[in-house]
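Notes for the one structure printed next.
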Amino acid sequence: MPPKFDPNEIKVVYLRCTGGEVGATSALAPKIGPLGLSPKKVGDDIAKATGDWKGLRITVKLTIQNRQAQIEVVPSASALIIKALKEPPRDRKKQKNIKHNGNITFDEIVNIARQMRHRSLARELSGTIKEILGTAQSVGCNVDGRHPHDIIDDINSGAVECPAS
């Protein structure tokens, strides 16, 4: 027999899903079925919570306590950059491996770096800004009309000033 279910126990489950879509509930079932939750209901809740991330692959953090699930979106750096580009949502099934060619401002990069700061391994904010610029480079967008790596070189040489915090 399985151990008795403790109502105060908090379980945390991380899931990768596409924003605004109900993922395959068959994929959810083995993860959250044993915790006493309905996969269909949780799938609908995730789709509702990720509505403004339509079409982007994001991580969702499910905190489950006493058979209630709290849903928290944990966006990746690339998802934040693509959202900042303000492109119309594309159909994932039709277009694969999209290169984004938009342009975002350095201020938006700094804001994204501040959001990602707690997850970054860099010691200072300037290091986190460089991490985000590297992600912008791999997404394929420009920053203030320039290639992101040129801005990284400017930060290293001191030509571009980074905010302290």
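Note: Cβ is positioned from N, Cα and C throughout, glycine not excepted.
Annotated features in Swiss-Prot:
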{"type": "MOD_RES", "residues": "SER38", "note": "phosphoserine"}
{"type": "CROSSLNK", "residues": "LYS40", "note": "SUMO2 cross-link"}
{"type": "CROSSLNK", "residues": "LYS48", "note": "ubiquitin cross-link"}
{"type": "MOD_RES", "residues": "LYS54", "note": "N6-acetyllysine"}
{"type": "CROSSLNK", "residues": "LYS83", "note": "ubiquitin cross-link"}
{"type": "MOD_RES", "residues": "SER165", "note": "phosphoserine"}
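Overlay of Swiss-Prot annotations on the structure.
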residue	record	Cβ neighbours (10 Å)
SER38	phosphoserine	15
LYS40	SUMO2 cross-link	12
LYS48	ubiquitin cross-link	11
LYS54	N6-acetyllysine	15
LYS83	ubiquitin cross-link	18
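Here LYS48 (ubiquitin cross-link) is positioned 16 angstrom away from SER38 (phosphoserine), judged by their C-alpha atoms. In this structure the alpha carbons, written CA, of the residue listed as 'SUMO2 cross-link' and LYS48 (ubiquitin cross-link) are 13 Å apart. A Cα-Cα distance of 17 Å separates LYS83 (ubiquitin cross-link) from LYS48 (ubiquitin cross-link). Distance noted between the C-alpha atoms of LYS54 (N6-acetyllysine) and LYS48 (ubiquitin cross-link) is 10 Å.
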